[in-house]
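Quick look at what TrEMBL lists:
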- 33-126: domain 'Pirin N-terminal' (DOMAIN)
- His65, His67, His109, Glu111: Fe cation binding site (BINDING)
- 180-283: domain 'Pirin C-terminal' (DOMAIN)
Amino acid sequence: MPQRKGCSIFNEPCFVAKKFLARPQHEGVGAVVRRSIGRFELKYFDPFLMLDEFSVTAPAGFPDHPHRGFETVTYMLQGAITHEDFEGHKGTIEAGDLQWMTAGRGIVHSEMPVAQGTQKGLQLWINLASKYKMIEPSYQEVLSKDIAEGEDDGVKVRVIAGESLGIKSPIYTMTPTMFLDFSLKPGAHLQQPIPETWNAFVYILEGEGIFGNMKSQPSNSHHILLLAHGDGLEAWNKSSKLLRFILVGGEPLEEPLVQFGPFVMNTQEEIDQTINDFENFANGFEKARDWRSEKEMD
């Protein structure tokens, strides 16, 4: 899309409606996360249930645990983690790799660090519409070298989901979603369209940037910026260092939400049934009865 210097291409650019700093907290077994969505100030940003920037060093990690009713997106920034589930699916997610897991009716899995040192990444939880909550679990996995990338005038993008700079991701999203990893060189200016009805946010990974309005105060790493509805985001890097952030947007489901930890359904009755299914190894959790991950058995 052409960009006219100093002039917005949008009729109604998104401005920053709210801004939070994601502070470190403990999660899993010995892991540290910076949680920006799914915390007390922001329990849910439809359709997004949680965003963690995680940091984990062996032997810490996320041992065997269940999910039902949503999708998890794991995007590694540094190091690697091993993933293993009760269906026999296993593998390693390395720096720059993507795993898009649809938990659907139920999955039990583990996510543990591979090597020494600190492993860092992002995990995003995306809610599923009621009609998809009980579908069979599935995975979409993309190696770093296969993630679509584009670059234009100091703006580089890795297209995890959705479209940017004329490049489309092959990832199929059950809930219509965009997930873009942007790096802006000093002096660069980004104009990225966003569907007007979608909820969208920015999470800053590195550096300092100006978002929404050139007169806005700069925001720096570990901040989440919730965007007001509009037809696109503008961002500027006025600093002398690289600016890196993710822009994530999704179509709101506008459905009732009841969450009990890793189970996300529409009613309390469905949550009660999910707990019963998990405890009795039924209705999608049958294989959990005799399964333990290799790390759990060590």
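Including glycine, each Cβ sits where the backbone N, Cα and C put it.
What TrEMBL annotates, mapped onto the structure for a quick look.
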residue: His65; record: Fe cation binding site; Cβ neighbours (10 Å): 14
residue: His67; record: Fe cation binding site; Cβ neighbours (10 Å): 22
residue: His109; record: Fe cation binding site; Cβ neighbours (10 Å): 23
residue: Glu111; record: Fe cation binding site; Cβ neighbours (10 Å): 27
Can you list the residues of the same chain, besides His65, His67, His109, Glu111, whose Cβ falls within 8 Å of the Fe cation site's Cβ centroid?
Phe62, Asp64, Pro66, Thr72, Asp85, Ile107, Val108, Ser110, Pro262
